[in-house]
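To keep things clear, I will list the structure first and then write my remarks on it.
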Amino acid sequence: MLLCGLKLTHDGGIAVLDGSDLLFSIEMEKLDGSPRYQPLDRLELVEEVLLREGVHPDEIDTFVVDGWFAAAGESRPLLRVTREGRPATVEVAPYSEVEAGPGTDPLRRYTFDGLPLGSRTVGYASYHHATQHLLGSYCTSPFAARGEPALVLVWDGGMVPTLYRVDPGPPLRVRSLGGLFPVYGSAFADFAAQFDPFRQAGAPEPAFDEHTMPRNLDVAGKAMAYAALGRDEPDFHPVLGAELARLPLTFDTGVELGQRVGRDRERLWPGASDADLIASFQGYLGVRLLTALRDRLAELAGTAEADGSAAGPPNLCLAGGCALNIKWNSAIRSSGLVREIWIPPFPNDSGAALGTATAELVHRGGTRLDWSVHRGPVVIPAGAELPGWQSQPCDTSALAKVLHETGEPVVVLHGRAELGPRALGGRSILATATDAKTKNVLNDIKEREDYRPVAPVCLEDRAPEIFSPGCPDPYMLFDHAMRPGWAERIPAVVHLDGTARLQTVNTRQDPFLADVLAAYERLSGIPVLCNTSANRKGRGFFPSPEAAAQWGRTSLIWCEGLLYTRRP
C-alpha cells in the first residue's frame, strides 16, 4: 500500500509511505538548490520526484493533500497551482477542526476529485493542517513505538497552542483538550519583524502571495538568536500581557503589538533596546506557555484525559513551527510537568507531507511510523572529476584528520539528506570548535549575521561531561548550558547567552558522523565539532558537490569517500 502525502504551500514536499514504512520525504527547497520555504506549486514535480525515487504515479494507492486556510474573501480553502503551465485549483481540508466547526473530529477525512497528475486526474484525501502536525509528531515518537498514550501540544503559525490526547488503541483515537491561550504561533516572528534588524520597511515584494507563503517565515529562528543580545525582563511581562489583551485575536496581532510597543517604548520601558523587547516577548510567551500547560495538566490530573493513565506525569509530544524554539522546549522539559518529551526533527511544515500521509495511514488502522531522519533526497555524486578541484580518497578517519590539521571548514555531503530544517551531518559544514574565530568564519562564509550561533555536534556518551543536562538530543531542538571549563575549550559553539543548541550522535543513529567524531576525538581529545547547514544563503541544502563548488566559499568538500580540494 503506497500512500503519497503532498504539501502544496510553503515548505512544499512529497512523502511516500509503503504501509507504515517511510520511503522518502522530499522538501522542494532541497531539490536543486531551490529557495527556502519553496512551495510545491507545479504539480509536474510530483511525477518527476516519484519517478526519480523509482515509484510510478500509477502505483500510488492514495494521494493525500495537506489542509490549509481559505484565502481572504473565499469560504473554502482552495490552493492555486499549475500543471505544465496550466492553472489548476486544488480544494483541501480546513486548517484545523476549529475552522471546520464545533464538534469536528480532528481525524476527519475529506475527499475530493480532480487532482491533475500526468494525463489524468485522480481523487485524493485531505486532512486538517493541524492534524498532520499532531500525527507526524505522535506517530514518529517513542510513545507510539511502545504503544503508549500521549498528549500532543500543537502550536503552529495559524493556530493557538492546542492540546490533544492520543490513545493508540488500536484504533488510534484523538481528542482535543482545547486551546491554552489566544495567541497565534506567528505572533513572535511578526512582533520581532517590527524592530531592527528584522524590520520589513522597504523589503522587496515577496515572490509568492501570503496565502501560499505567510510573512516572516525566516524571522523566528533569527529572532530567537538575536534575543541573546537583549535582556528578558520579567517585570515587563505583565506590560506585554496587558497590551496584548487590548488587541483582538487576528493574524495581525503580533504586528500590531510590536508597533504599539515600539511606538510607546519610552513610556512602557524607558531605554529598552530592540533586543530587550524581542527577548522579553520571547520570554513572556515561554512563561505563558509553560503556565498554561501547567494549569491544564492540573485540571486533568488524576483523570484518564491526562494521557490515558492516572499514574504520574504524562508523555508529551510537541508539534508545529513553535516547537523549533529551543528556549520554550527546554523550559517545558526541565519543568518536571511531563514524564518524557518528544519533538520530531521536522516539527514545522517541513514535515507536513509526511504528516498528512501519516494521517491516511492512521485512517487505515496504523498507529506508528517506521522512519529515519535520513530520508530526504539522495546526494548526487560528482565522481573523481570536478573542474577546478582535485580529489582523493578520504574515509572518516582521514576526514577527521583534515579537520584537525587544517582547522578549515569542510562541506560534508553524505547519503540521503536530513528531514526538517536542521543539518544533522548529511548536508553539513563541519569545523573544529576550539577557536572562537571559527564561529565568525562560518557566519562569514554563509553570509549570516554575527550574532547567529553555531551548533555543536557531540558523541552522545561524552555529552554529559561537557553540557548540562547533556542528555541525548539528536535533532538540535533544546539548549544546554556548558559544564565548567568547556566554554573555553570549545568557544566556537557557545552562544552569546552561554548556551549551546546541542546535537548528540551515536553509532546506531548515524554511524558515519559518529565515526568522524570518534576519530577526531582520538586526535584532539575533544568529541565535539561545529555543525552548520551546507547551503547557499536563502536556499536549501546543496544537492551535490558541484553545487557546493559553484558556491565556492570553502576550499574543501567531502562527498561519499572523496575529498575535493580547490586547485591553487
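Along the chain as shown, the residues are counted starting at 1.
Every residue gets a Cβ built from N, Cα and C, even glycine.
The feature domain 'Carbamoyltransferase' is assigned by TrEMBL to 3-69, 125-357. The domain 'Carbamoyltransferase C-terminal' feature in TrEMBL is assigned to 406-551.
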Composition by DSSP (helix, strand, coil) of residues within the domain 'Carbamoyltransferase' (3-69): 15 helix, 25 strand, 27 coil
Rounded mean pLDDT for the residues that make up the domain 'Carbamoyltransferase' (3-69): 97
Structural state census, the domain 'Carbamoyltransferase C-terminal' (406-551) (DSSP three-state): 42 helix, 34 strand, 70 coil
